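Chemist: After the structure tokens below, expect a handful of questions from me.
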């Protein structure tokens, strides 16, 4: 039965609130202050993503391990003191641990009884971090929609993540393994918090006064929103709310009244807020990156680097953590709680302990993902694209981590130079997001052809690095990433391509999915992204251990980047769209036929899953 409530009116009598979907829902009109609270968290966390994960965390991990490591050939310390005295503070000098690129000069540390290259240690850490992040994202995605969990989880992830960054100031080389643990926790909190942050957006949009005004001008009654944050008519309200809480497989009706190609006011506002949030986050990241470079330059003039080569880097991570924590506090003050429905009815709460309800929701999240995957398998174009995205997202993640470590260990670039490289890639990525639509329009490229062009340019990066294996170029000492300056043009290529791939792949996937199931399929898209990104770094880490060179990873990366091209070429967007529309009809019809069976302890919509398109 629907929950009926008379829509309240604001004190000024101008902005009318929509009726709540459930008792206790906060339908207060969204204010600019609240939107800025949403922006504030993007400003907070994007700094850790770019300056921490994308720049200084890999360097810190490798340097901490190196200062505790030994040379594989002689078992001498990789870092030795410059004076006979072994007391800290007398100055240190990094030993030459790779003179001719042979295994005998590797700097290694012992991890779980295994001798691991210090660069591999960083790659393995990020591989584990991404895997844990993927498992956490899937498990906790459903919890954010209930009670006050949305804001509680956002703040918890933000505060814990920022603390992990700040705690690096206390991590010395003898306890370098703790740095790996902090990275896993920090990366997990970062990714999880962005998912929770995105869950605020439909709620903010649905309660925005401009949306309410737009619907009023169109002669529509203000109505509650469905699970997608979309307005539903009062005549559909009973059906929408009476659905069992477990039925999130189909999340609304297929839109039939809106003309093709027209964008709803909700979609326009959501896109505008989202794009501005991304832009502000990147601007904040560039600002803090510049501050970090200035800090590194200033600290290089002090005695801190003589005590430990990681101290300046740890001070940068302290700055990043303080920034993340500070702007999370702004979000805490400006974002409203916007609670979701209760986890259980009063009777259910009496019968079940709270932890059992949370476990049930975690199981529900995995069950929902599995249901969506079984439907996706029936959509040929969707499954081909997801396989391509699985490979492509892994390649993008692997290139980023490998490039930072290559610049540091092979090219011997300073931390300041690596910071400048990160800024170059970030600014290029921002430019790429705007440039590729222009290129695609000028060349009249289809979306999948634009993606293929981006991938082809991406392939330039590992191929150029492999040129150093050609004797002629190796003799020259230039070409093939043998000089530090060569990596900056490739950083521009990486940024431009990454910006185009991120935007085009997401929008192209949106053309293929069944209307009305966007939330479920984008959850599968995100799981595919995060679920694959731990494989590449782990394999590159093994190659580094086997060869003693980061450069050897370019062979694997070159193959990994090429694999998605034929798959993207095979995707027929028009057929995929038609299949998606057909599946939407099947899902809607099946939901009506099996609505009475949903929510049972063991029943599933086997009818729709057994059908062929």
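Yeah, the Cβs are placed from backbone N, Cα and C, and that goes for glycine too.
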Chemist: Labelled transmembrane segment by Swiss-Prot, one stretch among 20-40, 41-61. Can you tell me which?
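Modeler: Per Swiss-Prot, the stretch marked transmembrane segment is 41-61.
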Chemist: Per DSSP, residue 448 (N-linked glycosylation site) is which: helix, strand or coil?
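Modeler: It is helical.
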Chemist: Given pairs 6 or more apart, does the transmembrane segment (167-187) have at least three Cβ pairs under 8 Å with the transmembrane segment (41-61)?
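Modeler: In this chain the transmembrane segment (167-187) contacts the transmembrane segment (41-61) - 3 or more Cβ pairs sit under 8 Å.
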Chemist: Top stretch among 189-209, 382-402, 418-438 for CB pairs under 8 A with the transmembrane segment (278-298)?
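Modeler: By Cβ pairs under 8 Å, 418-438 leads among 189-209, 382-402, 418-438.
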Chemist: Enter the number of other CB atoms within 10 angstroms of the CB of residue 448 (N-linked glycosylation site).
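Modeler: By my count, 21.
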Chemist: Which one, 189-209, 453-473, 553-573, has the most C-beta pairs under 8 Å toward the transmembrane segment (382-402)?
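Modeler: Most contacts with the transmembrane segment (382-402): 553-573.
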